[in-house]
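Database features (TrEMBL):
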type     : residues  : note
ACT_SITE : Y142      : active site, proton donor/acceptor
ACT_SITE : K172      : active site, schiff-base intermediate with substrate
BINDING  : T51, V215 : pyruvate binding site
Amino acid sequence: MTPRKKLKGLVAATITPMTPDGKINLSVIRQYVDYLVNEQNVKNVFVNGTTGEGLSLSIQERKQLAEEWVFQGKDKLDHVIIHVGALNLPECQELARHAAAIGAGGIAVIAPFFFKPTNKDELVAFLQKVALEAPEVPFYYYHIPPLTGVKIRVEELLDGIKAQIPTFQGVKFSDTDLLDLAQCINKNETGELEFLYGVDEQLLGALAIGANGAVGSTYNYLGRQTNLMLQAFAKPDLALAQQYQFLTGEFLNFVIKLGFGVAQTKAVMTFVSGIPMGPPRLPLVDASSEFIAKAKAKLDSIVWPNGD
């Protein structure tokens, strides 16, 4: 494999823009890329994941989105990671081959969650079959037990995984179990693996135990502020970093109480960026006008340490 830039910092879990009648809207991806780079200083993306409603999309739609992000991100984005997970192995393999063919910077796979793997060996066997279809592409495991119900600890998963999956590059760790994450980072003595945290409101805690960066939905519209938090942490200016984390948490705590999911994220991104994200796909339903008004008022009321 050719040398690659290490994946670190913020990775936006991309939203899938849709037209009012529910079709994917590829026409705004170029504007979306430019917005992330120029307005949020975010140059990495994670496409077709949870925020992107990947498992509610057809295989053809997922391929079209992957192609558009890779094409529009050329010479602008550092990493385009394509989530290729599905409920069945053949579709995962097909999506992995496609991601490799279009030049994706990495692929990621969620654990299948209807018929679930019950132990490490079953999960690794599944992941290996997918990774083999893209033998030159960095491979990430997407760990999100709150949604999959697959609670195999990542610390256990790591033992011997490079021997079975040579392209294994790291984990998108979307769980609140910081003990598990800490054990993973402690085992990563050579620093060759990347651990990207996926619970935005707890990112500062994950950074403190050694996470390389983060994949999340809020970096679509709070990327600039979160980057300032990363800079403060690196100085180190912990008090300033805490301010940014607390304010992000204040907004998320507010909207979670109103009911906050993919549909509401689309609404927030629309009013912050001005790019129409459209409705979610059923069974999800549009954010209410009441939610939009309250969320906008709350976000506008927050005074960030940099004076915004």
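Including glycine, each Cβ sits where the backbone N, Cα and C put it.
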> How big is the gap, in Å, between the Cα of the residue listed as 'active site, schiff-base intermediate with substrate' and that of T51 (pyruvate binding site), rounded to a whole number?
Replying inline: 13
> Could you state the CA-to-CA distance between Y142 (active site, proton donor/acceptor) and V215 (pyruvate binding site) to the nearest Å?
Replying inline: 10
> What residues, ordered by sequence, lie under 8 A Cβ-to-Cβ from T51 (pyruvate binding site) and sit at least six positions away in the same chain?
Replying inline: A13, T14, I15, S217, N220, V262, T265
> When you measure from the Cβ of V215 (pyruvate binding site), which residues in the chain that are at least 6 apart have a Cβ under 8 Å away?
Replying inline: V11, A12, A13, F46, G49, I81, K172, S174, L196, Y197, G198
>> Just to be sure I understand the packing, how many Cβ atoms besides its own are within 10 Å of the Cβ of Y142 (active site, proton donor/acceptor)?
In response: 26
